[in-house]
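Please read the structure below before turning to the comments.
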């Protein structure tokens, strides 16, 4: 088996040039996973929940709940990306290996996803810029804003139900499809970019060939074909304890970059954008309207746009609408890709990528159009809230396998490259023969056993060499060396520590309890 040495540690003084070089390398090769995953944390569903929470409670205590939800999302998202980086397969494929008797088939080597990530990054920056301008125009009270991130006893008030609003923020912040998507993007090799091989120019085609090729192209878009993942280099078939994870050099080159990218993206983009939505709603609605006016009022996206237009101006209302459109498009694109990942890894859809994306997008688009036409504005707001409730209910079933897998030493182990044998450890046939002969010669009373040992060793040497003095029984020697290497395999454990596992299971328990509370509150009609 080929020896894969880990990346050598560079020694030398840390200068500004080396720091800038490392940062540039990180931005060029590794930035993108965290930003793409953070899109799920400020989709239109989050907008509805944040607007309602800000309008009913102001800055405090919902900003604290939002910050706490963001930290929980950061923990789970980091675990998902670590699972994909270490094992080489995504969470959906792991669920199939873990929960099904028939393992999934390997996915073909995908094209680089940098273009997709750059598009999403552009949309995220656009949303971020819109909210910076909006916050500058509404003039919030920044002292109260920063106090909002501190816990407060108002979280347990019942009129209005602050705990129910906190549950809504928690369910809208941590998204199940972001965990699937993050684990998939973490499997990509971002260090080895191979140049595409030049393709031969096609032969000149006449009108009939062009018509036939066009027809074939459109038929292939909707053709259901067998999975093309069987020839992939990664192992998607073997069970845990048998399959081999990514190499140690791959994990060392990617894992730290992924963790930094995910944590920084959630703290720099996801949490601030959600906070900006809540601050905007609290400043415009909670501060401008009296508590009597807000009693029983439901604030939706249309209401927020109309009030911003009336109180701040048409320019701010346009920025609000533009940010909503961009956030909706970015979240729709990432949700479509997440559906593709789940379909290929767990459900094992064997359809063309175009048809798969068309079905995924239709499943999300058709109900929205039907509700908008049949019910109107209120129906869209209610549909957004229902979608967040469904995602929150599904989250524990996704988070538990993720925490279990990343806490398993068998799943998260990485084989350590074998060290080259030293001169002392090398087995030398000739020295063994000489040692046997000297032992027999020094013996005062040579026994038959010693002579037989000498003859056996010499015969083994002669039989293992040809006329040139080179070994001939290579297969036997290789079998011995393979057996030794198998017995001496060493692994490096990348599973969660006890503290991280306890924290992750605590987050899972909080999510489960809040879901049960939400279902009971809805059943009793308290909300």
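The backbone N, Cα and C atoms fix where each Cβ goes, glycine too.
Unlike curated records, TrEMBL annotations are generated automatically.
Looking up the ranges 17-36, 37-56, 57-76 in TrEMBL, the one annotated as transmembrane segment turns out to be 57-76. Of all ranges given (93-114, 115-136), TrEMBL attaches the label transmembrane segment to 115-136. In TrEMBL, the annotation transmembrane segment applies to 383-406, one of the ranges 191-214, 215-238, 383-406. TrEMBL tags one of the stretches 138-157, 338-357, 358-377 as transmembrane segment, and that stretch is 358-377. TrEMBL lists transmembrane segment for one of the ranges 258-286, 432-460, namely 258-286. Cross-referencing 162-186, 462-486 with TrEMBL places the feature transmembrane segment at 162-186. Beyond the transmembrane segment (162-186), the same-chain residues lying 6 or more positions past its ends with a Cβ under 8 Å from any Cβ of the stretch are 32-33, 36-41, 43, 45-46, 49-50, 52-53, 56-57, 61-62, 65-66, 69-70, 72-73, 76-77, 80-85, 90-92, 94, 113, 117, 154-156, 254, 258, 262, 270, 274, 334-335, 337-339, 341-342, 345, 385, 388-389, 391-392, 394-395, 398-399, 402, 510-511, 514-515, 517-518, 521, 526-527. Most Cβ pairs under 8 Å with the transmembrane segment (57-76) belong to 258-286, among the candidate stretches 115-136, 258-286, 306-327, 358-377, 383-406. Same-chain residues lying 6 or more positions outside the transmembrane segment (306-327) and placing a CB less than 8 Å from one of its CB atoms are 39, 42-44, 47, 123, 126-127, 130-131, 133-134, 137-138, 280, 284-285, 288.
The list of residues near the transmembrane segment (115-136) in space but at least 6 beyond its ends in sequence, with Cβ under 8 angstroms from a Cβ of it, reads 31-33, 35-36, 38-39, 42, 185, 269, 272-273, 276-277, 279-280, 308, 316, 319-320, 322-323, 326-327, 329-330, 333-334, 337. Remote same-chain residues near the transmembrane segment (358-377) are listed as 300, 302, 332, 335-336, 339-340, 343, 351, 383 (criterion: CB distance under 8 Å, separation of at least six residues from the stretch ends).
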